[in-house]
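Novice: The domain 'Major facilitator superfamily (MFS) profile' annotation in TrEMBL covers 1-439. Look at TrEMBL and you will find 50-71, 78-98, 110-132, 139-158, 170-190, 224-245, 273-294, 306-329, 335-361, 373-391, 411-433 tagged as transmembrane segment.
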Amino acid sequence: ELFLAFLPLFDRTVVRQEAKLERKRGTGLGKVSVLPDIELFFSIGDGTSGLLQTVFICSYMFLAPLFGYLGDRYNRKLIMCVGIFFWSVVTLASSFIGKDHFWALLLTRGLVGVGEASYSTIAPTIIADLFIKEKRTNMLSIFYFAIPVGSGLGYIVGSKVDDVAGDWHWALRVTPGLGLLAVILLLFVVQEPNRGAIEAHPEHTLHRTSWLADIKALCRNPSFVLSTFGFTTVAFVTGSLALWAPAFLFRAGVFTGEKQPCLKAPCDNSDSLIFGIITVVTGILGVASGVQASKKLRIKTPRADPLVCAAGLLLAAPFLYLSIVFAQASTAATYVFIFLGETFLSMNWAIVADILLYVVIPTRRSTAEAFQIVLSHLLGDAISPYLIGVVSDSIKKSDSYMWEFRSLQMSLLLCSFVAVGGGAFFLATAIFIEKDRHLAENYVGGSTKVLVSSVLI
């Protein structure tokens, strides 16, 4: 399960790196970091390059409900195997696309959504059916460590493979082999548990309802709905930073004269490397500190989880703002603020997943995962990279290095205000969390209480 969480995020971030690399090769005005390479290769602008992430997320978003429905009713292990195998084949195929076929790259990135939708809606529910109490949160925490590690290594490997091979296409040829390994591990190592069996009642004693009834019940669950909206803001901010932060840092360096503009490949990918390392470290620190803070706060209040999530977003907002504002003044200060902002932002990952699992009954969990994926991506990282790029293009008054930097700087400030809104959603979640958790526990028997604030570190 951990390997599955790591792999698609590794691939997704590698593609972000390619997108950055291409523009450097095709346009007259150099861009920053790895994103400019794809923009240069295909001769596209910020708005169009943002479509790479948007197309993938849209595909992933629309496929998630299908896999959520299947995951609540059929063999989950086999569903994930088929999805990951398809993902591996499509990823490999996308590495052979030429510069005149940008539409084909968009198509293959959309098809890659099959793999991530198949695992992301199902894997957490298998973990929930294998473990209870502290062990469940321990395993979820380890599972969600893979998000920052996979993303960070995607930045690092994507930039290094491009440097060594001199061709960003080779970055896409790293992950398909790992995908096939994941399929083998799924088939021969992972067991398919009964849904809800470990929570006092096996699945055949839990009353099944139609998909429409499941959706209606989820919409009437305020803790689930509000925490999903809160998590959507996390997706919005992380999606924006994942695509644009390295490019922004490079443009800041060009603007201040610390770096040379990229007019010819290969380009300077040091910002992608540093940002990747920051993503790995802050992700691990954020996930671990989030569950530890929740553990200590639970002694005083059962509303600990949503309160910790709210604190994470509200603390992340000012540091993200400062990292953007100080970019032209001090590179060191910018990296420090990014480090702090991403650490607080990462406090949400494991906790939000656990909230969903203990306020939703076992036979609806895959559907709930799918619902959360759809909403968080529809209003989050499906639109944020493209939105940031479009705003940047609209603000830009000329194709100068100053406006390349200033326009992206002003558009990225939006992330800080979105984070504040997310904190408000989690504060609202805290009002309903006790009631909704008790309702779910009573439905499955009430004898097993899931402790959500312990983590194995």
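Glycine is no exception: its Cβ is also placed from the backbone N, Cα and C atoms.
I'm curious about the neighbourhood of these features; can you describe it?
Specialist: Taking Cβ pairs closer than 8 Å, the transmembrane segment (78-98) reaches residues 4, 7-8, 11, 67, 70-71, 104-105, 108-109, 111-112, 114-119, 122-123, 169-173, 175-177, 179-180, 182-183, 186-187 in its own chain, all 6 or more past its ends.
With a cut-off of 8 Å between Cβ atoms, the residues of this chain six or more beyond the transmembrane segment (306-329) that come close are 223, 226-227, 230, 233-234, 237, 241, 248-249, 252, 255-256, 286, 290, 293-294, 297, 335, 337-338, 340-348, 351-352, 355, 405, 409, 412-413, 415-417, 419-420, 422-427, 429-430, 433.
When Cβ-Cβ distances below 8 Å are used as the criterion, the transmembrane segment (335-361) is approached by residues 124-125, 128, 136-137, 140-141, 143-144, 147-148, 196, 206, 218, 221, 223-224, 227, 230-231, 234, 237-238, 241, 245, 274-275, 278-279, 281-283, 285-287, 289-291, 293-294, 305-306, 308-309, 311-313, 315-317, 319-320, 322-323, 326, 368-369, 372, 419, 429, 433, 436-437, 439-441, 443-444, 450, 452, 455 of the same chain, each at least six residues removed from its ends.
Same-chain residues lying 6+ beyond the ends of the transmembrane segment (373-391) with a Cβ under 8 Å from its Cβ atoms: 45-54, 57-58, 60-62, 64-65, 68, 117, 120-121, 228-229, 231-240, 242-244, 407-408, 410-412, 414-415.
Counting only same-chain residues 6+ beyond the ends of the transmembrane segment (411-433), those with a CB under 8 A from a CB of the stretch are 222-223, 226-227, 229-234, 236-237, 240-241, 244-245, 248, 302-303, 305-307, 309-314, 316-318, 320-321, 324-325, 345, 355, 359, 384, 387-389, 391-392, 395.
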Novice: May I ask which of the stretches 170-190, 224-245, 273-294 has the most CB pairs under 8 A with the transmembrane segment (50-71)?
Specialist: 224-245
Novice: Return the average pLDDT for the domain 'Major facilitator superfamily (MFS) profile' (1-439) as a whole number.
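Specialist: Looking only at the domain 'Major facilitator superfamily (MFS) profile' (1-439), pLDDT averages out to 79.
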